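Per TrEMBL, the feature domain 'WH1' maps to 25-137. Feature annotation from TrEMBL assigns region 'Disordered' to 141-182. Annotated compositional bias 'Polar residues' per TrEMBL: 147-173, in sequence order. For 200-345, the entry in TrEMBL reads coiled coil.
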Amino acid sequence: METQIVSVCLNLTHASSVCCCSDICKQFLDQPIYTTRAHVFQIDPNTKKNWVPASKQAVTVSYFYDSSRNSYRIISVDGSKVIINSTITPNMTFTKTSQKFGQWADSRANTVFGLGFASEQQLSKFAEKFQEVKEAAKLARDKSQETVETLSNHSQESGRETPSTNQASSINGTDDEKISSVGPEAALLKSENERLKSAIELSNTNTKKWETELQTLRENNARLVDALQESSANVETWKKQLSVCKEESDTLREKIKDLEAQCNEADQEKQKNLQLTARVQELEAELQDKEQELENLRKQAEIIPQLMAECESITNKLQAAETKNQELEGRVEGLQGDIDDSRQKQGNMKVELKKFMDVLDGKIDELHEFRQGLSKLGLDN
């Protein structure tokens, strides 16, 4: 990872040809305080409400101590791009917004960072480490302020002692004589004086830098407050718009219900029209059939006189046939009487035939007995 950061520093530069992450290069000479992996997000600078992914996948996020500035930072690098370089201040707060997501605002970078973790335990561990580092940053700031105050006190005391030394030198002789006469103590005092002056200049420089940073923080804080107020106003506006949209949605739903009812009625009317159209077509077909039948009847009416003549002829023939039928019925009755007589005669003949058959059977039996008697006689002889 150190090699990766160094390559990033070699590739990324400002317009002034100074490494954009030189501070990071210094820090990465030491081991990180804590390292984890997470998906990195940043707040959208335009809307101040949407999250923009800063990495396509989970990347390494680490806490580092910057010994040159006596500060703590959160560093994350994705390939050759530094996506997080946030200096932790005692005023920062890490907020858990869900079970696996947390965020903090960096006023110096004028943005809000968000981290999405794989588990709730990783989020809790990162939050605990953030609190520890924030306390350490607070202690480092207090210690730095004490050092500055001590240096200021030393410089004031040195300023008060310098006039008496100059007065002694003017009394005793020239500066060269003073140096030669005072000896090593004056040289030590002078070196101490120079060191204190350098410390005061450094303190003044740091003070100006801190004042600049403080002004920047105030401006960023004001911008964040404005953004928060704007967001709150937008929330109210969105709530109103949401209520209006709900009302419009309810109205549209009612209209949709009415339209659906009208559509159902239209479908029913359409169905009725289809039924009526089918009925009309059936009636037209029946009318055509009736017209065809009427045409056939007209054709048949033209041959009615001929049919009437034929009917009269047939009637005469029928009357003649009835006359013949009556005659035939008389003949049939006569024949029926003859048949009855013949049946009666046939019955009488059957009776007589039966009697004859009985007599014949008796004669045959007698003849049979006679033949048996003859046979016996022949055997006896």
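All positions are counted from 1 along the displayed chain.
Heads up, the Cβ atoms here are built off N, Cα and C, so glycines get one too.
Nobody curates TrEMBL annotations by hand; they come from automatic prediction.
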Averaged pLDDT score, the coiled coil (200-345): 86
What is the number of residues in the domain 'WH1' (25-137) that are helix, strand and coil, as DSSP sees it? 21 helix, 51 strand, 41 coil
